Amino acid sequence: MGKKSRVKTQKSGTGATATVSPKEILNLTSELLQKCSSPAPGPGKEWEEYVQIRTLVEKIRKKQKGLSVTFDGKREDYFPDLMKWASENGASVEGFEMVNFKEEGFGLRATRDIKAEELFLWVPRKLLMTVESAKNSVLGPLYSQDRILQAMGNIALAFHLLCERASPNSFWQPYIQTLPSEYDTPLYFEEEEVRYLQSTQAVHDVFSQYKNTARQYAYFYKVIQTHPHANKLPLKDSFTYEDYRWAVSSVMTRQNQIPTEDGSRVTLALIPLWDMCNHTNGLITTGYNLEDDRCECVALQDFRAGEQIYIFYGTRSNAEFVIHSGFFFDNNSHDRVKIKLGVSKSDRLYAMKAEVLARAGIPTSSVFALHFTEPPISAQLLAFLRVFCMTEEELKEHLLGDNAIDRIFTLGNSEFPVSWDNEVKLWTFLEDRASLLLKTYKTTIEEDKSVLKNQDLSVRAKMAIKLRLGEKEILEKAVKSAAVNREYYRQQMEEKAPLPKYEESNLGLLESSMGDSRLPLVLRNLEEEAGVQDALSIREAISKATATENGLVNGENSIPNGTRSEDENLNQEESKRAVEDAKGSSSDRADAVKE
């Protein structure tokens, strides 16, 4: 049986500092909020801003050292209590056990043979920590008054977790005591570990995540110290950055969507037991049974007794896994890198290209993706590139010519080129673009592989270098693939080969051999990460919770086929009101949080 323990707040002991007055921290957090609320830095200035923000955060952390909430013992000491609590409240606890798998960390191990598609795990709603349970908790009064909490479910869930952790008699203590004491998300990276990500695509999201989390903490520190509805929160006397970083990471690595009790909408939830499962390639096998009001998971494959039980977290890139889940997944069949493309408004054919793209349902500017698997581009990216490289005559054919509608619908089908010349142009463009992106990195693929052989690297440093290496390998594969395609279509053009007759096809825009089953992935703005989060506006901030940002440790969500996070679906007007409300209250509490 796990060691019984009451939650405690460390106020003395090794490394603990003298008690710091709230006023002193208020001054520091005000400075931090001001710094984090400044306009986005110009090109090449992101690292400088990151270091400045980090310096302030570290100053706060140093003054708060020893004041964070902790538990006695190790998390595994409390596993028996978790299993007992889960069993007493209707969850399944037979057929598996929690085990430390070393490199993968803790996970579930089968204690009997489990067949593929067999229901082996279910967790009833009463055990879940949700936005709804947050509203009905001690956090409720503040939630009802704070627009940021209302607009950003992930932050509400993080505060719910903090409040329950600080309450020894909380119903969820058996679960909370088994959560990791720290994570490997970039919020926990040392400055030198983040430095390994410089010049990568992922580093922009890392900077944004860190800045947004610091801004949130600074804003809510003042709220907790000054808002009348925060007086009864157990965080009143101790709300440290360390605590908030832990809560944000716990939520971003574990949150999932489930239906509300009436099934009319979705809400965010933490799901005990189930969130112990580690990831592998496959399909989402978790759903929510509204009739029995419980989360259910069937086996992804046959698992023999003694084997680790895996689930599929969703079609996420390694950048998403590292930033939002804190791990790198080798051989990720869904890995990809972003590529921002757009038709220039100075292009004399802009209007015609924009019209063709609009008819195909594709924006004139978007974040697409280059994939790890073949083919490296999706049907929508193929369609965009075809339009991007069209001549005036080809554009007219797609707008006014015979069978113009059919031409639009086959834009994304690799079997029906617009023209051989168009294919040569688009693959040449893609080859050049990917080559240019490769040149922006400060190290080569060979250099990264050499560095990884250094056994002195920390786990997080290795993860960062693997991510850097993975980006370059995807780009290199795209260059090679584009070159092969370019030469193939050049040969077709030289031989004056007849073009396939598109009229014979009933295939739609996205039903292409060049496409893949992930569509329309490339037009999702790559989820809550919203592109690379350049020049985040206040509205973008509130409608997209950085703490959430795709941070699903156990799957895209708990509903099959993976809808996205609550924040992605926020009504824009509600988000706008949330910001305005936060702004209006700045004179009383703090400036608005701008994520």
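From the backbone N, Cα and C atoms, a Cβ is placed for every residue, glycine too.
Since the structure is predicted, the reported quantities are computational estimates derived from the model, not experimental observations.
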Where Swiss-Prot shows E104, G105, F106, R254, D275, M276, C277, N278, H279, S325, G326, F327 binding S-adenosyl-L-methionine, which of R75, R304, R348 is named for the same site?
R75
Tell me, if you would, which residue among N278, S325 (binding-site residues) has the fewest other CB atoms within 10 Å in the structure shown?
N278
Out of R75, R254, which has the highest number of nearby Cβ atoms, where nearby means within 10 Å of its Cβ, if these are the binding-site residues?
R254
Return the maximum Cα to Cα distance in Å (whole number) over the record's S-adenosyl-L-methionine-binding residues: R75, E104, G105, F106, R254, D275, M276, C277, N278, H279, S325, G326, F327.
21
Counting only residues 6+ apart in the same chain, whose Cβ is under 8 Å from the Cβ of M276 (S-adenosyl-L-methionine binding site)?
M98, F106, G107, L108
Three-class DSSP secondary structure - N278 (S-adenosyl-L-methionine binding site):
strand
